[in-house]
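To start, the structure itself, in structure tokens.
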Amino acid sequence: MLIESMGLACFARPLQWFKSQWLWLLLSIAAFCLLMRVQVEWLWFGQFDWQGMLLRRWLWQLGGLLLALLVVATCQLWQRNWIKLEVASNLGESSLSLHGWRYGLGLLGCFVVVVGDLVLLSRLAWLACFKPFDLGHWWSEPFEDIWALVIPLSCVFISICVMLGNARGGRIAHLIGCFCFSISIARGWGLWALALAIPPTGIKEPLLGGDVSFGLGQFPALAFALVVLLAQLILTTCTTIWMKLAQPESLSDWVFKGLSPRQCNFLRPLIGIILLTLSALLWLSRHELLWTQNGTVAGAGWLDAHLILPLRSLASLAILVFAFLVIPFTWIQQRRLLRLIASIIGVGAILLEVLLAPFVQWMVVKPRELKLETPYIIRAIKATRKAFQLDSITTTLINPQPQLTQLDLEQGASTLRNIRLWDSQPLLATNRQLQQLRVYYRFSNAAVDRYRFVPDVANRQQVMITARELDQAALPKRSRTWLNRHFVFTHGYGFTLSPVNTRAPDGLPDYFISDLGTSTRLEGSSELGITREDVKEAVPIGRAALYFGMLPSPYALAPSKLKELDYPVGDKNIYNHYLGSGGVPVGQPWQQLAAAMYLFEPRLLNTGSLTINSKLLIRREVRQRVRAIAPFLEVIGDPYLVSTSVSSKDLNYEAKQNQYWIVEAYTSSRTYPYAANLPDGRPLRYLRNSVKAIVDAYSGRVHLYVSEPRDPIILGWQRLFPDLFKPLEEMPSSLREHLKVPTDLFNVQVQQLLRYHVTDPRIFYSGDDVWQVPKELYGRRQVPVDPYHITAQLGTQESSEFLLLQPLTPLARPNLSAWLAARSDGEHYGKLVLLRFPSQTPIFGPEQIQALINQDPQISQQFGLWDRAGSEVVQGNLLVVPLGKALLYVEPVYLRARQGGLPTLTRVVVSDGKRIAMAEDLGEGLRALVDGSSNKAVYLNRNDLPPIKAADQLN
């Protein structure tokens with residue numbers, strides 16, 4: 001209009017052509033950028049030969065997008081026909097007219113619904129973009145940013161309506177909602193895929209009779225689909241009505257003349273579909289009763305089964321009937337009366353659930369709660385134990401002798417040989433001062449593991465291994481140039497390996513492997529009967545560069561014309577080039593362009609340092625690497641490094657490589673029927689350590705092995721991506737020997753066991769037999785006793801094995817009730833054993849023993865002398881260890897200077913619950929404990945061990 005009024009109509013068509021050309025240019029640039037990113041992702045997955053899996057993921061997303069676009073196109077078509085119908089029937093008889101405050105209330109209501117819908121859809125789209133595998137439980141995701149969404153969207157909607165015209169504002173709001181809807185459906189591919197692929201478990205939940213797999217797979221997908229569809233349909237309806245309500249003549253007169261009969265009839269099918277969707281959502285919400293917790297019972301209780309479930313079923317059926325009555329079928333008579341009846345029943349059922357349920361709970365359930373809830377408590381106990389594998393625990397009753405004897409020492413000789421005296425924190429503190437060697441190296445954690453140094457000895461030596469990684473954040477500021485960060489400082493190097501049960505003469509850790517590069521030192525231990533050759537044979541070092549690790553690392557480009565820092569030797573640095581097979585090729589100009597656009601890094605195009613063999617190394621943090629390959633798995637906890645040789649028969653492993661990261665991956669669910677949340681409030685009702693990921697520390701190659709083949713969730717993903725996973729039996733045996741039950745899974749099982757070790761519903765209801773994790777004094781702080789690894793015997797007739805152990809005490813009492821032990825060796829991997837102590841005989845727990853230690857006159861006097869001399873006494877983790885037919889309590893004592901000194905292992909305190917002894921080493925302490933420093937043997941050395949029968953060897 002402005003162009004025509006100025007007499008410039010001749011320029012209108014060229015201007016329109018110019019705008020369309022710019023639009024096509026922008027679309028072409030966007031498509032080209034997308035193509036470059038797709039190419040890099042394709043090549044990245046190509047290094048693992050998993051392009052087929054990536055293609056299937058893209059096809060699932062494309063299918064979801066096409067389905068969403070079909071819904072969006074239908075909504076747009078309906079809206080366009082509505083607008084045409086509005087113009088055509090403008091002179092017809094109208095109804096539903098609004099005047100004055102009623103008109104204002106209608107405008108306000110429509111506005112609130114539109115903004116609320118946009119908030120919900122934009123929230124779901126945000127989750128779909130950044131946390132797509134959390135969409136199945138989007139309702140439990142925190143909504144801290146709700147006002148950050150409401151206020152901007154309200155302002156945007158108002159601005160659109162004011163600046164662009166009210167009708168156009170409604171259209172744009174609808175387009176925004178359609179965009180968010182499409183993103184949510186496309187990015188939610190994991191929900192639809194798993195829902196279609198998850199197999200039935202054969203376990204039926206007792207309330208509705210559905211298979212447990214429905215809650216694990218189908219329910220999250222159906223709930224999300226119905227919610228997002230309902231939001232889209234309501235948005236379409238409200239924006240369409242807004243365009244009618246907010247006409248200029250209506251706003252000026254504050255009067256809405258109403259809708260014509262044809263418009264009302266055209267609106268009814270859409271309202272009917274909305275009601276059908278709402279009915280389906282209400283029907284589905286009956287299943288939600290199975291994983292809600294109100295009061296005593298996890299899952300549906302008596303009130304849910306006898307009141308809420310029937311009311312929801314009734315409300316759903318009433319709304320379903322109402323939906324059919326809204327749709328203008330000619331064969332339905334007395335439509336208005338039937339609609340009134342259906343609406344009264346539906347609304348009444350919903351109101352009764354809200355208003356009547358608290359009264360029935362107070363008046364009917366509470367007075368007879370135990371009797372009414374007993375069947376449901378039994379269901380909750382069984383389901384929770386099943387969901388967290390507590391039902392497979394083997395329970396053993398033990399009654400330890402009150403006093404340690406020489407016979408116990410002889411029977412527990414293999415246990416004594418691996419008593420852990422070094423905690424991870426003192427060892428890390430020492431390593432960081434003695435073994436980091438340069439400011440840019442970092443030891444992130446110390447992992448407990450075991451290695452077989454002597455082939456003819458059944459038990460393996462327990463060790464702590466710490467990887468020496470490169471921490472670019474620690475580089476001096478002058479060294480943080482772009483070339484240094486991405487071309488020179490590309491990797492860490494080597495690791496340290498220490499026995500957990502010995503110390504050097506100065507109190508510092510012993511090392512089997514220390515230092516790095518050509519200065520790497522391999523040492524044996526005469527105390528343990530391990531030679532240098534044993535270490536060299538059992539722990540090959542080989543190519544020790546760590547390009548992939550625990551620490552977040554930026555992308556690296558290697559090999560290049562610039563040499564990479566390999567390791568320092570004295571005042572000099574040794575340089576090398578990356579020779580691994582992993583990485584995205586960037587040797588060609590078009591590959592460099594793709595990498596530059598992928599990384600938003602134009603400097604790649606003119607660096608001049610790349611060669612024809614150069615590769616781009618991205619996702620170098622091993623957990624991020626596993627998540628990128630299998631985003632449907634949860635990667636929890638710290639990975640740990642293993643150094644071992646893999647047989648040449650395993651073609652998928654590089655022959656010269658010895659360092660591998662083991663990463664624990666999980667499947668989980670919040671919708672396992674009748675299972676309880678964690679005691680700490682986390683909404684987790686099912687957990688399996690379903691996958692063990694092996695990541696090559698040099699080349700970054702990833703292998704995924706299924707460790708829980710009966711888990712229905714991982715079985716579903718195996719159906720979808722059969723080439724991605726291998727059975728655990730195909731893992732090289734040298735790596736399988738280093739698998740261990742992850743501490744994170746074990747902690748979750750311990751939390752649930754605190755209450756769900758009880759299977760009697762009466763005792764469970766009364767809460768008389770609840771356990772707790774005991775506390776101990778570590779340094780100067782009282783902390784919960786963390787699970788600890790020991791190599792011990794579960795019975796006097798069994799060989800020692802690698803165990804993860806957690807002592808447990810009764811709630812509010814310090815006596816020891818039980819141990820939960822997780823087995824990690826051979827065919828026993830993953831099995832849980834509960835060692836229960838007699839309730840009538842008090843067994844001292846860690847807190848009581850620690851109190852006795854601190855009350856001992858000689859020990860407290862010695863601690864005071866050290867304290868006055870300027871040293872800080874750190875009492876380490878108190879271990880409670882089964883030994884023969886008795887218990888042994890062991891606590892290491894460290895000394896360090898108050899101002900950041902090195903922790904040194906100075907003393908070892910031992911006790912059997914009656915007597916306490918402190919000595920310079922474990923052997924002396926045990927001799928003093930048993931019979932006052934006698935010369936009888938204490939078996940701490942392999943060479944001192946009595947012969948081991950072949951039948952006692954570990955598998």
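Even glycines carry a Cβ here, placed using N, Cα and C.
Residues or ranges marked as transmembrane segment by Swiss-Prot: 25-45, 58-78, 107-127, 146-166, 178-198, 214-234, 264-284, 313-333, 340-360.
The transmembrane segment (58-78) is not in contact with the transmembrane segment (340-360), judged by fewer than 3 CB-CB distances under 8 Å for residue pairs 6 or more apart in sequence.
With a cut-off of 8 Å on Cβ pairs spaced 6 or more residues apart, the transmembrane segment (107-127) and the transmembrane segment (25-45) reach fewer than 3 such pairs and are scored as not touching.
Per-stretch counts of Cβ pairs under 8 Å to the transmembrane segment (264-284) identify 214-234 as the leading one among 25-45, 214-234, 340-360. Sequence-distant neighbours of the transmembrane segment (214-234) (same chain, 6+ residues past either end, Cβ-Cβ under 8 Å): 71-72, 75, 113, 117, 120-121, 124, 135-138, 177-178, 181, 184-185, 188, 191-192, 194-195, 197-198, 201, 205, 270, 273-274, 277-278, 280-281, 284, 287-288, 290-291, 669, 671-673, 686, 712-713, 716.
Sequence-remote contacts of a segment are chain residues at least 6 beyond its ends whose Cβ falls under 8 Å from one of its Cβ atoms, and for the transmembrane segment (340-360) they are 303, 307-308, 311-312, 314-315, 318-319, 321-322, 325.
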